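S.K.: Sharing a structure, written as structure tokens. Questions coming.
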Amino acid sequence: MSILFQAYPLARPALFAMDAETAHEVTLAGLQRAYDCGATRRLLRTRPQAPATLMGLALDNPVGLAAGLDKNGAYIDALGNLGFGFVEVGTVTPRAQPGNPKPRMFRLPRAQALINRLGFNNQGLDAFIANVQRSQWRAQGGVLGLNIGKNADTPIERAADDYLLGLEGVYPHADYVTVNISSPNTQNLRALQGGDELSALLAQLRDKRAELADRHQRHVPLAVKIAPDLSEAQIDAIADILPRYGVDGVIATNTTLSRDAVAGQPHANEAGGLSGAPVHALSLAVIARLRQRMGPGAAIIGVGGILSGRQAREKIDAGANAVQLYTGLIYRGPALVGECASAIKAAGK
């Protein structure tokens, strides 16, 4: 086992003594230093092997990094070397924005959960693309997803303008693009999951992607990331709409607004999206409903509350083709990646 993997449980108490967002930044900086000095390079050669196909893309294993951990695409290579079969970075907006006031990230250790109200803080599309272009991840055979969103000050009626700018900017540099319409931290964003609003947005993205595919002579798959706080009727409507506009995959799910599982715990009443263990069951229900409605051919990425290999396998059993990790990495460290890949492989999925 890598020294890096062994070190994380020892470092975690010190990290958890810090403000959650500060610890996040310190961890990424430390990971980058370890990568730069070669401490994690050999992990790329020993990436867990559990070959899978997702949206037509060949993966070494079906365990990915969820968007949000590396919003600016500044740590792609260092993160990829932890053993992921694919890496997704962002969410990026056309223009730089600071996000919501700090503090805006809170741990709930008893629930193995996190609440964030970051609000798409990022350096903007130009800086994001420059970072992606510097990365060697794709050249080394890694699969890269780029996640796009809208600026906070863009009226919801003009949201499509931001997504079209984002798609055009990231298209040449992505193996797939994710349309994030489910963050609870951008006002009214989740309204885009509604039937009419979603259809209008996807119609424009479909046409723009066709134009970009012709220009760049390559087809880039498109995924849509949805919330866990949807009724069965809403899930069914989304499941029916996505194929109509040529969407290749769905990511289920983003964070939840529900606090039922953490009521009474410190920070439970903080505004923002709840991630981690309490989201697992919510995500499973959405995945199962999507699979039932969309049939066996749909590409579904399961994310939310994976803190063990068993939970990764449960996502696959519910109907996901692949999984993504974020909060689980904070509580378990990078060893979780290989554990999840091994569990999925052992189950023969």
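Placement of Cβ uses the backbone N, Cα and C atoms for every residue, glycine included.
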S.K.: Among Lys71, Lys208, which residue does Swiss-Prot name as a further substrate binder in the site formed by Asn116, Arg117, Leu118, Gly119, Phe120, Asn180, Asn185, Asn254, Thr255?
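M.R.: Record source Swiss-Prot; matching candidate: Lys71.
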S.K.: Going by the FMN site in Swiss-Prot, where Ala67, Gly68, Leu69, Asp70, Lys71, Thr91, Asn147, Asn180, Lys225, Thr253, Gly276, Tyr326, Thr327 are listed, which of the candidates Gly124, Gly297, Gly305, Gly348 is also part of it?
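M.R.: The one candidate that Swiss-Prot places in that FMN site: Gly305.
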S.K.: Nearest by CA distance to Gly119 (substrate binding site): which of the recorded positions is it, out of Ala67, Leu69, Ser183, Lys225?
M.R.: Ser183
S.K.: Quick one: of Asn147, Ser183, Lys225, Tyr326, which recorded positions lie within 10 angstroms of Asn254 (substrate binding site), measuring between C-alpha atoms? Sequence order, please.
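M.R.: Correct set: Ser183, Lys225.
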S.K.: In terms of DSSP three-state secondary structure, what is the assignment for Lys225 (FMN binding site)?
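M.R.: The three-state answer is strand.
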S.K.: Among Lys71, Asn116, Arg117, Leu118, Gly119, Phe120, Asn180, Asn185, Asn254, Thr255, recorded substrate binders, what is the largest CA to CA distance in Å?
M.R.: 16
S.K.: In terms of DSSP three-state secondary structure, what is the assignment for Asn147 (FMN binding site)?
M.R.: strand
S.K.: Measure the Cβ-based neighbour count of Asn254 (substrate binding site), defined as the other Cβ atoms within 10 Å of its Cβ.
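M.R.: Around Asn254 (substrate binding site), other Cβ atoms within 10 Å: 27.
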